[in-house]
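Record features, source Swiss-Prot:
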type	residues	note
TRANSMEM	8-28	transmembrane segment
CARBOHYD	ASN38	N-linked glycosylation site
TRANSMEM	46-66	transmembrane segment
BINDING	HIS47, ASN112, LEU113, TYR114, SER115, HIS117, GLU177	heme b 1 binding site
BINDING	ARG67, HIS83, HIS156, LYS224	heme b 2 binding site
BINDING	LYS76, LYS80, ARG149	L-ascorbate binding site
TRANSMEM	84-104	transmembrane segment
TRANSMEM	120-140	transmembrane segment
TRANSMEM	155-175	transmembrane segment
TRANSMEM	203-223	transmembrane segment
Amino acid sequence: MVSGRFYLSCLLLGSLGSMCILFTIYWMQYWRGGFAWNGSIYMFNWHPVLMVAGMVVFYGGASLVYRLPQSWVGPKLPWKLLHAALHLMAFVLTVVGLVAVFTFHNHGRTANLYSLHSWLGITTVFLFACQWFLGFAVFLLPWASMWLRSLLKPIHVFFGAAILSLSIASVISGINEKLFFSLKNTTRPYHSLPSEAVFANSTGMLVVAFGLLVLYILLASSWKRPEPGILTDRQPLLHDGE
């Protein structure tokens with residue numbers, strides 16, 4: 001039986017995820033001038049919002065689908081589809097976030113992919129894309145044998161947690177980079193901790209807290225989905241009745 005601590009953790013996780021997105025929106029709206037889709041700096045402001053929403057919050061939530069007790073009984077297929085759909089939604093938000101930053105850079109003739117933040121971020125997105133397509137092909141389509149799925153499942157689980165960790169690192173480095181670029185004049189330098197810096201740093205801490213809670217729920221052995229019985233060697237997952 002799953003204890004009330006699990007549901008309390010889920011409630012806390014939902015609150016933290018909502019705060020991560022809302023804090024990022026407020027930062028971009030209040031201190032950075034709001035949003036647009038015209039190649040200006042206001043178009044860039046979509047980038048942090050969409051990356052936090054996609055690569056952290058939606059991705060983290062999608063990773064926990066199989067921790068829900070409701071997914072432990074009855075057909076497994078609906079939960080597989082939900083898991084894949086939430087990750088796909090996270091990926092779409094991420095791609096739109098990348099379009100926003102690349103369009104802004106190209107419009108202002110700023111170099112792309114030169115900073116450590118950008119290298120880390122684009123690597124994370126590449127791994128996410130590989131993870132999603134591999135998971136879809138192996139764990140959802142009916143062609144893969146049980147042997148192949150058993151071989152790849154630990155790798156899939158490892159990269160799921162690794163990608164979330166890399167996403168958090170990308171967000172934190174991105175917040176820092178944005179503050180260094182924006183708060184560099186003599187009236188409000190970053191090192192003097194103006195209100196924007198305090199708020200943005202707090203947003204980063206919320207992202208870290210969200211990520212750590214996701215990892216805690218993922219790693220808690222008592223909250224993992226019980227292993228099903230032995231399946232036939234080539235039972236297609238699109239037709240399973242687990």
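For all residues, glycine too, the Cβ spot is worked out from N, Cα and C.
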Comparing 8-28, 46-66, 84-104, 120-140, 203-223 for Cβ pairs under 8 Å with the transmembrane segment (155-175), the winner is 120-140
Cβ under 8 Å, sequence separation of at least 6 from the ends of the transmembrane segment (8-28): give me the contacting residues as numbers and ranges.
34-35, 45-46, 48-49, 52-53, 56-57, 60-61, 64, 196, 199-200, 202-203, 206-207, 209-210, 213-214, 216-217
Quick check for me: are there 3+ Cβ pairs below 8 Å between the transmembrane segment (203-223) and the transmembrane segment (46-66), leaving out pairs under 6 residues apart?
yes
Return the member of LYS80, ASN112, TYR114, HIS117 nearest to ASN38 (N-linked glycosylation site) in space, with distance defined Cα to Cα and candidates limited to these binding-site residues.
ASN112
When a 10 Å sphere is centred on the Cβ of SER115 (heme b 1 binding site), how many other Cβ atoms does it contain?
13
Per residue, counting other C-beta atoms within 10 angstroms of the C-beta, which of the binding-site residues HIS47, LYS76, HIS117, ARG149, HIS156 reaches the highest number?
HIS47
I'm trying to understand the geometry here, so how far is the Cα atom of LEU113 (heme b 1 binding site) from the Cα atom of LYS224 (heme b 2 binding site), in Å to the nearest whole number?
38
I need the nearest neighbour of HIS156 (heme b 2 binding site) among the binding-site residues LYS76, LYS80, ASN112, TYR114, GLU177, using C-alpha distances.
LYS80
Spatially, which candidate from the binding-site residues ARG67, ASN112, HIS117, GLU177 is nearest to LYS80 (L-ascorbate binding site), comparing Cα atoms?
ARG67
Maximum Cα-Cα separation (Å), residues HIS47, ASN112, LEU113, TYR114, SER115, HIS117, GLU177 listed as binding heme b 1:
17
